[in-house]
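Among the features that TrEMBL reports, domain 'Miro' is placed at 7-186, 438-603. Residues or ranges marked as domain 'EF-hand' in TrEMBL: 202-237, 322-357. Positions annotated as transmembrane segment by TrEMBL: 617-636.
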Amino acid sequence: MSDDEALADVRIVLVGDEGCGKTSLVMSLLEDEWVDAVPRRLDRVLIPADVTPENVTTSIVDLSVKDEGKIITRLSLGQAFSEESWLTSEIRQANVICVVYSVTDETTVDRIQERWLPMIRQAFGDYHETPVILVGNKSDGTANNTDKILPIMEANTEVETCVECSARTMKNVSEIFYYAQKAVIYPTRPLYDADTKQLTDRARKALIRVFKICDRDNDGYLSDTELNDFQKLCFGIPLTSTALEDVKRAVADGCPDGVASDALMLSGFLYLHLLFIERGRHETTWAVLRKFGYETSLKLSEDYLYPRITIPVGCSTELSPEGTQFVSALFEKYDEDKDGCLSPSELQNLFSVCPAPVITKDNILALETNQRGWLTYNGYMAYWNMTTLINLTQTFEQLAYLGFPVGRSGPGRAGNTLDSIRVTRERKKDLENHGTDRKVFQCLVVGAKDAGKTVFMQSLAGRGMADVAQIGRRHSPFVINRVKVKEESKYLLLREVDVLSPQDALGSGETSADVVAFLYDVSNPDSFAFCATVYQKYFYRTKTPCVMIATKVEREEVDQRWEIPPEEFCKQFELQKPIKFSSNNIGQSASPIFEQLAMMAVYPHLRRVFYLSDSNLLSKITFGAAIVALAGFLVLKNL
């Protein structure tokens, strides 16, 4: 294949027996008239996009060959191929194959099934989806082979259509190549099962997703307003009231349950597209599907799912205002009983357009739920902020399936999930400017086994000891929730470090956290040594704020087997003295700890202020009051 041909959107290959007029058809197309003297075989022809009806660059390959069994030499490559292998190789590069036969020679009709269709299957496989068009040339006389062609079409589902033409009289010559282009750009087989006369399963699934995205109020109907929005989105023009009624009438005539309350139901929407396809208007259905991101394979395209983005070192990703508005509106749409939570059925319905379960029994443990285990609005929004920070690819994919690019697009404007994301400023510059506009901060949770990390982390989501006992070993390495910092809502993401000993290496993603919480069990004499070792190995002399948290303080405290006690260790390294966390510290009593962690993440340049405030304030006033005092200090500092 030449470089120019590789640029073609559509590659049409003509095959058929000698003398059927393949070369004459191409010459008549090019010259727009009958050509008496034609070469034995044409070079490949490249037709520019601006002269084709569908505005696609088209390559036409005339596979005229010599007598069977002879060897054909491709001089340009210096290789020799048998005719059979050469033909197969050329066919394999086609987007559409035109099998040309002569309506005046029944032998060429028989050879369609005897030679050409088997050869095409040999190239693509028995169940290929490359369209085939039967072209009956030399129809300028009275000969007619319809009685033999129709059974061939019915027996071979890859045959899209049959066109009779005449290179001599120009009858249907341009139509052949138009149909060939159309068969590639708007193929029938991915949409329509010719055996059952129904939509394929893939097409149904794709159109159901389209319907759910367009059903803005989630009532199971497309109202006139929603239908008009759909029409304008896909085709750029609204439907007149008469056209709307005509559409609903056509659906009601063929699918009585497709219209209810003067609105189009899902069954009616599917039937409407079945009508388009059966009436030869499958380009209408393809226009819809492509607007919603589908390729010819009826899978969402890679560009639609995963737009390219560059994230500089030291930056992170968060939901943009547009992204936040979109996911928030989805919650409102699917919270059918308006109780501020998503029940399992509501949650399943929301993500039903995604190919796999999104929020499962395991990862919901990272989020706030109500007493029944249903996802709250806070937990739902926290989920999106968490995935956007730690797994941007997943956020892109899920937002694409949920229709964000479509919701952000319009006539003449292509939507893109990039609009849902903002890249934050580099952390180094935040430190230099003593401030940040980030909304999501990551806290690393470090501690030896049985130090109480799970209870500590789950308390951020409002769960207590009884809840943790039910969770058992099925806990999430992440927990996220909203916290207040200077009356602003921020998201604090706790991330448990999965290391069994201080000698285990931490990854760069772990050491780049915004703040680190070291947890040790006051009743275990070996617990603090783990924290001290990891701190000295990875975080001493860094600018990452760190804090020691003493857990299980309701138990009897024992001396820690370390060079110096935890309080002295903190003083030596200018850390505030260990914060006490009880397993009973759930809800409001635990929130000051998380507020401080978030504040330390937001203001890492004030590490020494935290140490000094601990020395001067925490010995005299309660921990919660100290946080209030520190917040006041920050307010005054910024005035």
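Cβ atoms here come from the backbone N, Cα and C positions, even for glycine.
For the domain 'EF-hand' (202-237), DSSP puts the residue distribution at 25 helix, 2 strand, 9 coil. Note on the domain 'EF-hand' (202-237): residues 190-192, 244, 247, 260-266, 269-270, 273, 285, 287-289, 291-292, 294, 298, 333-334, 336, 349, 352-353, 401-403, 406-407, 409-412 of its chain, located 6 or more positions outside it, place their CB under 8 angstroms from a CB of the stretch. Here the domain 'EF-hand' (322-357) is broken down by DSSP into helix, strand and coil counts: 20 helix, 2 strand, 14 coil.
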